[in-house]
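These notes concern the structure reproduced below.
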């Protein structure tokens, strides 16, 4: 037996101010929220599952020791929620985008526009998303019931999460590919004796001519025999464009073609890695936030420990301290450049992962009286701290690479953040003693960090679909999860082809941050109308 919305007139002031007067003449009670609380006296009459038509929103058990939300569930504890939030922000935005932008835009001077944008623009949107998710206990689409006219913004958030999920899964596949190849006595990208290295591979000073089974000439060149390709190479002056790690990434991982008109062949090994990553995502979300919360202990704490070990090791290498001091030197003239401020704004939104629906979804599983304001400052502090640590790690690795290849620091350049991680950091790790061990640690850290973000992007899609069609899909959440993972696995296959993906990341950024300002404008317009809704902030 279910409770019809017309059978009872629910009083307005039971529990916290989150109730709805459900009588026929309820226009005078216009102070209402999205999510009424559980009503103690009706507990015996509630079914195990309340249909959306019977009770407009799920009820809460605010007096029990279990989940408050008996329909959707909650985080098992606040620690898992905080770890999930930290894991959602700690990804490629910290590991490669932030160090790359600091390198390109005036060193430490870049922190000034970044912090200003972070506090003035990102903080209000971040706070708004967490409040809406926690207050409504609804996902990114259904939360826009407060103003159905702009529901398209919620749909855009989920579509953006879908695009990001494919993008992050591809990078996770690269990381797993590197991780598997690191399980060996010698890293594949540590020498030029491979068929994919080409004719201009540079050994540098890291591997001597004798170790490469070559012959040292009087002019300093090294003649290297390549049995796999049936050819002999004469290696001359070092060049960062011809180091083996770059050749490995381009020719063995990406199998890059000359242009978009030449699709090339399918990299089956990379495809298998992407399949494994999607299976891992499915297992993390199999029991909803209950299972994903348990995985966060490994996926968040583990990378922090590995990052600390790698940081200490790289700072002890030759050239690391010099590079750290050189690249961190502030160039205050960049503050006059509007482009630098634009880059800082994009990075601030990208690092916190606003406006993709993820924060609304994560917060929707929190308990109603959770302290949102404290969580925001903690998450933003950890995210900024991680960005700084990743900068130090990256600059130390660059310094060691430049020292090995006799490259002047002022002549060193980076194409983009992808090459920073998969080329130069991989090259630096290949030069340390016991290189495979450190390489395994680094790419395991990279894989876990990206995986946590990807998990909650998929959770955003699954929760949004289930909340939008609760009567049909909420009970069949695992079927929805299986379908989403299978479909997006198929959509990931084309990115295993030999095509250039540079335009893909740029399109993602352009789509995301236009929608951010739409979300902020319309939600502030709505929340500012006192006769429509009041959000408690404790």
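Glycine residues also receive a Cβ, built from the backbone N, Cα and C atoms like all the rest.
Owing to the predicted nature of the structure, the values given are computational and were not obtained by experimental measurement.
Between the stretches 377-400, 449-472, TrEMBL puts its transmembrane segment entry on 377-400. Taking TrEMBL as the reference, the stretch among 295-315, 316-336 described by the feature transmembrane segment is residues 295-315. Sequence-distant contacts of the transmembrane segment (377-400) (same chain, six or more residues past either end, CB-CB distance under 8 Å): 82, 85-86, 89-90, 93-96, 98-99, 102-103, 115, 118, 123, 126, 307, 310-311, 314-315, 317-324, 326-328, 351-352, 409, 412, 420, 424-425, 428-429, 431. Comparing 266-286, 344-365, 420-448 for CB pairs under 8 angstroms to the transmembrane segment (295-315), the maximum falls on 420-448. Across 153-180, 266-286, 344-365, the stretch most heavily in contact with the transmembrane segment (108-132), judged by Cβ pairs under 8 Å, is 344-365.
Each of 79-96, 153-180, 344-365 was scored by its Cβ pairs under 8 Å to the transmembrane segment (420-448), and the highest score goes to 153-180. Through the fold, the transmembrane segment (79-96) approaches residues 168, 171, 289, 292-294, 296-297, 299-301, 303, 347, 350-353, 358-359, 362, 365-366, 370, 375, 378-379, 382-383, 386-387, 390, 394, 417-418, 420-421, 446, 449-450, 452-453, 456 of its own chain, all at least 6 residues removed from its boundaries and within a Cβ separation under 8 Å. For the recorded site, residue 94 (Na(+) binding site), the DSSP three-state label reads helix. Counting every protein chain shown, 25 other Cβ atoms lie within 10 Å of the Cβ of residue 192 (disulfide bond).
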